[in-house]
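One structure below.
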Amino acid sequence: MKILVSVKRVVDYNVRIQVKPDGSGVMLDGVKMSMNPFDEIALEEAIRLKEAGKATEIVAVALGPQAVQEQLRSALALGADRAIHMPLDTAPQPINVARALAGLARRENPDLILMGKQAIDDDCNQTPQMVAALLDWPQATFASRIELNDKSATVAREVDAGLEFLSVDLPAVISADLRLNVPRYPKLPDIMKARRLPIETATPEDLGVEFVPEARLLKVAPPPKRQAGRKVASVDELVAAVRERGLLS
Amino acid sequence: MSKVLVIAEHDGEILNPSTSRTVACALALGPEAVDVAVFAEAETKPVQAAARLNGVTRVLLVEHAANRSPVAAVLAPQVYALARDYTHVLAPATTFGKDVLPRAAALLGVPQVSDVMRVIDRNVFERPIYAGNALETIETPPGIVVATVRTASFKAVPETGSAPVEKISLDFDCPTHTRFLRVEGSSAGGRPDLQSARVVVSGGRGLGAKENFDLIYALADRLGAAVGASRAAVDAGFVPNDLQVGQTGKIIAPELYLAFGISGAIQHLAGIKDAGTIVAVNKDPDAPIFEVADIGLVGDLFEVLPTLLEALPKGGS
């Protein structure tokens, strides 16, 4: 079984982002970048499936400028067998990422595509669903448990009402939620080894992928600041303060 | 002029309140028509509930056996089939809408706008990025606008309408590659729904143990409130994941939010930004939650919670 995992390069989750004064975006110069945490979870799941003897090959893919190769090297250090870079000047929006990934899936024929449920930069939560639509494959989003059978998978999904269980035929697209697993750290020797491993390239043109018009960014602004209120000294004062606002009878 | 299609969220019995809030977003577009599509096995209560939402032009009842417990792969081609008569297709940014709508957008070959917080123009929208630490304004390209709506940013519409209901039968390829098995129920325990509750009582890592959450449940019951939790409390196994409030959990907008033992990670604050009044109790005076709380009390929640229960009248607010 072959698993395709996509990894996005995003601002590290520990970084407190700042909006550029001209409103053209957020500051990225000199900011630490990392693999999108939900993608790390997806990759970890693929590695575990391989360790359990259920998967034979893990292919990591990333789109964007040369710098995304850093995240592909991380994926190789963690246990991906191959890495494919789709070189693009900028990272496209989900609809076009999905088109590119679907194009790659048509060439690579994986049995499973594992992806993070959302990227922590644009918070879109669209790409896995879109890839599944374009391939006409089943989707199981927000997965917190995956049981792989021969030709199908049973997936527990985290939905607002609790846990939803689906059975999907393979090939399928599954998006990872937080509680699917806890990713491991790469070992230093594996990081060194991954530096020397080849990274393949595939362009959207190679794959016959056409991009569609995207939304245009007009501006980025900081959110309105919520004013800190006041501190009270006791429970009685707390209850009185809440009552003052007409919130308790 | 805009013609908006709203995808209703329901469980066959109840129209989810997210639908009403999505209709409110639709009305902000100044449309000539707002139709609500209800995908169901047969006529159900949510159809009438949708017809009562003010501002709705028509309710489209799309009957199909596969719509009993529909999965995204079954719903998306139906949304696609309906969408071509509209300028906008909206769904709530709940796990339901997030699952279905991108699949429909991809079929339509257009980008999707996720989590609309504000309608600026018929194709210009404001939405949060980086867990709400920045807001972007984007303009959609020509073509059908497909968007999910951040329900916490819109108020439910009144329910005094009486829109006509039209039955629609759609010709679409119904996939069988995805099978719904079951849902393992919500952990609300008869309490109000977290995303539509007027009052939410939340606990964090500071609760220390699963049993201690009983104090949170007791206060919630006293106030007729829903129960929430921080990601830390969920990760520690104190409560099930469907109670998680935050960027990766539920985005809520109660009138009153009471946070106990929650430090206020960015992740969590992203989920409560739209709350009316935030009350925080934490023993750490430097906890970030105090930077956003309207009323803060530095103290041990194990002393505060019982005292608070004493101070509040029995029988709810």
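Using N, Cα and C of the backbone, Cβ positions are placed for all residues, glycine too.
Heads up, TrEMBL stuff is auto-annotated, nobody curated it.
As recorded in TrEMBL:
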type	residues	note
BINDING	B:Arg205, B:230-231, B:244-248, B:261-268, B:Asn282	FAD binding site
DOMAIN	B:4-184	domain 'Electron transfer flavoprotein alpha/beta-subunit N-terminal'
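Long-range Cβ proximity for B:Gln247 (FAD binding site), meaning a same-chain Cβ under 8 A and a gap of 6 or more residues, is found for B:Ala131, B:Gly132, B:Ile266, B:Gln267, B:His268, B:Ala270, B:Gly271. When secondary structure is read from DSSP and collapsed to three states, B:Ile262 (FAD binding site) falls in the coil class. Neighbour counts of Cβ atoms within 10 Å were compared for the binding-site residues B:Ile262, B:Ala265, and the top value is held by B:Ile262.
Regional average pLDDT for the domain 'Electron transfer flavoprotein alpha/beta-subunit N-terminal' (B:4-184) in the model is 96. Within the same chain, residues at least six positions away from B:Arg205 (FAD binding site) with a Cβ under 8 Å of its Cβ are B:Ser230, B:Ala232, B:Ala233, B:Ala236, B:Gly261, B:Ile262, B:Ser263. A strand conformation is recorded for B:Gln244 (FAD binding site) in the three-state DSSP classification. Among the binding-site residues B:Arg205, B:Gln247, B:Ala265, B:His268, the ones with a Cβ under 8 Å from a Cβ of chain A are B:Gln247.
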